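Here's the structure, in structure tokens; my notes come after.
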Amino acid sequence: MSSSVSSKTRYWVLALAAIVLDQWSKWAVLSSFQYRERVNVIPSFFDLTLVYNPGAAFSFLADQGGWQKYFFLVLAVAVSAYLVRAILRDEFAALGKIGAAMIIGGASGNVIDRLIHGHVVDFLLFYWQNWFYPAFNIADSFICVGAVLAVLDNIVHRKDSKKT
């Protein structure tokens, strides 16, 4: 195995870890909660719950007729394929590759939900008084943190390329 391939193994392990952690956490919630049941963890701030999201992040397009399930499925697969290719071609520095792997893992976790359940399982609910942040899951967290890392990588490399 070439050193280039073996050096990328850590990114595939990270993506796989994101998928496993996401699916395990969803299995635990699905096994323990009834739909819309809430258990307070931190008073007036954080609950565990079980809700279904047929749309995208923050229930975007959730009230549509069902076409969005396939749209987001295809979108997640296409973005993941692009990111896999980018990692393999060394189009990112290390921080960008970590971010890409996190996005791939998170997107894959939500794709698995769409294929198995027809919707994404969300269970983390943060709120303050009467303001509620939309429920989300571990996969969403990996996607968001991964996106931030990819953007930071892009900013750093833009500055580096201007120096040369």
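Cβ atoms are placed via backbone N, Cα and C, with glycine included.
According to Swiss-Prot, the protein carries these features:
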type	residues	note
TRANSMEM	11-31	transmembrane segment
TRANSMEM	41-61	transmembrane segment
TRANSMEM	64-84	transmembrane segment
TRANSMEM	92-112	transmembrane segment
ACT_SITE	D122	active site
TRANSMEM	132-152	transmembrane segment
ACT_SITE	D140	active site
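Cα of D122 (active site) to Cα of D140 (active site): a span of 9 Å. Counting every protein chain shown, 24 other Cβ atoms lie within 10 Å of the Cβ of D122 (active site). Residue density at D140 (active site): 23 other Cβ atoms are found within 10 A of its Cβ, drawing on all protein chains shown. Across the candidate stretches 11-31, 64-84, 132-152, the maximum count of CB pairs under 8 A to the transmembrane segment (92-112) is reached by 132-152.
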